[in-house]
Amino acid sequence: MSSGQPSDTEAPEEPRAAENKDDSDEDEGSTRPSSPRAGRQRNVTGTQGSARLESAADGGTGAGCRVSTACDSLFSWICRRTVGRGPFVDPARDHFRTMTRLYSSMSPAADSVNLSTQTHGAVFNLEYSPDGSVLTVACEQTEVLLFDPISSRHIKTLVEAHEDCVNNIRFLDNRLFATCSDDTTIALWDLRKLNSKVCTLHGHASWVKNIEYDTNTRLLVTSGFDGNVITWDTNRFTEDGCPHKKFFHTRYLMRMRLTPDCSKMLISTSSGYLLILHDLDLTQSLEVGSYRILRARRAPLSTEGSSAGSRSAGSRHTIDSKTHPHREGLSPRNSLEVLTPEIPGEKDRGNCITSLQLHPKGWATLLRCSSNMDDQEWTCVYEFQEGAPPRPPVSPRCSLRLTHYIEEANVGRGYIKELCFSPDGRLICSPYGYGVRLLAFDEHCAELVDCMPVRTALLREIRSIYSHSDVVLTSKFSPTHCQLASGCLSGRVALYQPHF
């Protein structure tokens, strides 16, 4: 366990010393007063008034004042915990201690899946079905493997799923999923009939690296090294494919993601740029020159908390309603913003954004960046300035602000290492050499909005797990179970679960 091991206590020490029973009740998520006296204390305004009340009840001995201070601290803590969360406490927040202990005790499962390296090669991507019942594995040598993640039982091998490396897998629902490959095609599969593909999609001219799905329009969205982002109308697919059109094109395209609400598209490039399409409308194709673009320039990174204007981690822009009406509420659909995310320690050299993930609640983006010299590597978290909970204004304003980062081991140069968020967004799993690191925003595994730093802060290491004999390339949390999977260059998949 690293020094970042979470503490088992969050409530102030005074209430715990004064009333152990009441504190225990609070740990279980109760927001009601633990006693009639405590209930009355909530109606007294001001600390001095509470102290006088308790002092009079105690005959002036002063013992009541100490109890009053303890109660005030307890109720202040309860108030802080429930602010902005409505009349009820979110169970996911309320039981963070339990989740922290579970995350901290993650260990390789005794029955982890062991895959032979002779047939399928490296593991490039892992994907769980939305209900967590199936784990799919995208392999270097044309294969896709399917497992029951609970029993580690092998379900099926799609021996010749493609004619080249399988790069990515995306579930459209609990049954239908898509795979993409270096053979320039995308394939649709149905778990109920795995003997053949539902259909094969042709449209890219180079390796296809990414698949997304817009649940609002039911459009499949793919991107490849040909620089194209293509949309596919899955409402009208046949055995011969489905209608498609080129949505966007950019040079040096690496990764493409949609925010959880599908209101934005983020595209990372090997030249260090990050593109954000705001107010996304996938039904409109964007030809070169037809979209509003905001030119980016690199700005120095500052960690001074007093200078809000120089704290933003993205490139800076001159904002006005003519060049970027999106900021004034006049936003045209598919407005394009171009950022150059700054990396600590990498001020004078360019960088390559190799991995791009989004917070499950849409609050932040997670990047894995490497230097152009390929001698340094970082994991960075950037908060969305728009649509996020209110923060001190940043001027000039851009969409992203660097909040957390950590330097990586930079083992396995040249390979893309895929990070992931936990389903609740509290934890990050990062491939780290021959294992994985579990990283959090603070030592309590709190949510990002509850521990937003004034200055750029280091991610906290919760646990490091080394269970592979080769470089880990990908990782994924189960969406429904407290389970984690990782895959490495030699073809082994490891499963992790809490140790009880």
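These residue numbers are counts, starting from 1, taken along the chain as shown.
Quick reminder: no glycine exception, Cβ is built from N, Cα and C everywhere.
Database features, via TrEMBL:
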- 305-316: compositional bias 'Low complexity' (COMPBIAS)
- 317-330: compositional bias 'Basic and acidic residues' (COMPBIAS)
- 1-62: region 'Disordered' (REGION)
- 302-343: region 'Disordered' (REGION)
- 159-192: repeat 'WD' (REPEAT)
- 201-233: repeat 'WD' (REPEAT)
In terms of Cβ proximity under 8 Å, which residues at least six beyond the ends of the repeat 'WD' (201-233) contact it? 164-165, 167-172, 178-182, 184-188, 241-258, 262, 265, 267, 282-283
Cβ contacts under 8 Å made by the repeat 'WD' (159-192) with residues that lie 6+ beyond its boundaries: 121, 124-131, 133-134, 136, 138-144, 146, 198-202, 204-213, 220, 222, 224, 232, 234, 237
Residues in the repeat 'WD' (201-233) grouped by DSSP into helix, strand and remaining coil: 0 helix, 21 strand, 12 coil
